[in-house]
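**Student:** Okay, here's the structure, questions in a sec.
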Amino acid sequence: MNVHEYQAKELLAKFGVGIPAGIAALTVEEAVAAAKQLPGPLYVVKAQIHAGGRGKGKFKELPADAKGGVRLAKSIEEVEAFAKEMLGNTLVTVQTGEAGKQVNRLYITDGVDIAKEYYLSMVVDRASSRVAMIVSTEGGMDIEEVAHSTPEKIATITIDPAEGFMPHHGRAVGYALKLTGDLNKQAGKIAEQLYNAFVALDCDMLEINPLVETKDGNLLVLDTKMSFDSNSLYRHPDVMALRDETEEDPAEIEASKYDLAYIKLDGNIGCMVNGAGLAMATMDIIKLNGEFPANFLDVGGGATTEKVTAAFKIILKDPAVKGILVNIFGGIMKCDIIADGIVAAAKEVNLSVPLVVRLEGTNVQQGKDILANSGLPIVPANDLGDAARKIVAEVRKVA
Ligand code: ADP
Ligand code: MG
């Protein structure tokens, strides 16, 4: 789960991390009121969307030469003007895709006198089973570009979770950022605070770009992106409360209500599978046969009629879907019960695209009989290869 910049900053501030003062706003009036509470005379009006690259982004509704989603305002009047330009409009950045994202929230924050911009991020590194801190002197720009053209300017410091954050990690961060004296000490301290926040909040990614050195010699977090391991959200109700569903794919939200693991993809074959491994194998074999999956969907172990119906509805909402492949292994669940669920669900949603079903496991013959006698044009398949070939042939007939 992702949160907005202002929410992430408020969380980080609780761990002692230095951030510029700022207030979120949903309307132009709130933006003006927020600016009045800040010291001034420089303010920054920042579009809050779950995507980076806002500064260099473009608003669809504004002229091509208009500025993007991070604007420096020199007066309250400018804050008002920029808020009017941004709210309700669609910001397109390198991370939003062409459709862009509508700006519904702003963050009005103190304008900082920047001496230098740095980069610091943290991810869980699965290979080393550690938290990896990635730091660079090249802040404020696209880190992928830095990694590509000047990889020597990026340092990675890994932290053993059993050992925790040690002073030498802090020194390594200060050294990598080429900081000396008090700024070097501040770098070590802020790195430790960020690490503590990362671990305590069960983050899976935390990116500070830029971390800035101010002209008066302080290190501040100017921009941050934070995402959380959704498997641990149950123990962070305060974080869960920050969820902004307007930023998420509606189909994925609907799926999560039914405890379905659904991820939308770009292909035309809808997939309904039980088990994540089988779901991935199913997507692979569709690709092997020359078409692309429209989604990843794991209905889980207890695929009830209700769940299967919800899954069909979610798959069919995607206009790109030209056919559905159901691939279910009846282990704990028996194939006849699954077949009943599929038939009931297909009737309820008035299935309008070809449906290929591959069942395997307990009571498989009863299951196949139920499908065959359902009166529905369900195409039965014997194994995974057969199923993939059949659904690919079906969607090509429609196309
Ligand atoms: P994004 O990465 O989405 O473009 P940032 O918050 O990183 O958004 O803003 C882009 C740039 O705008 C920063 O690299 C920084 O130079 C400048 N900026 C952002 N916030 C402030 C601020 N509070 N004061 C001064 N400059 C800022
Ligand atoms: Mg940034």
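Glycine is no exception: its Cβ is also placed from the backbone N, Cα and C atoms.
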**Student:** Can you match one of ASN231, ASN268, ASN274, ASN382 to the substrate site that TrEMBL gives for GLY331, ILE332, MET333?
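**Tutor:** Substrate site check in TrEMBL: besides GLY331, ILE332, MET333, the record includes ASN274 out of ASN231, ASN268, ASN274, ASN382.
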**Student:** Taking 10 A as the limit, how many CB atoms besides its own sit near the CB of ASN209 (Mg(2+) binding site)?
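**Tutor:** Counting Cβ neighbours of ASN209 (Mg(2+) binding site) within 10 Å gives 22.
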**Student:** Please work out which residue of GLU117, ASP223 has the most C-beta neighbours within 10 angstroms of its C-beta, and give that one of the binding-site residues.
**Tutor:** ASP223
**Student:** Once near-sequence residues are set aside, which residues in the chain of GLY55 (ATP binding site), 6 or more away, have Cβ atoms under 8 Å from its Cβ?
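**Tutor:** Long-range Cβ contacts: GLY68, GLY69, VAL70.
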**Student:** Looking only at Cβ atoms, how many others are within 10 Å of the one on GLY331 (substrate binding site)?
**Tutor:** 13
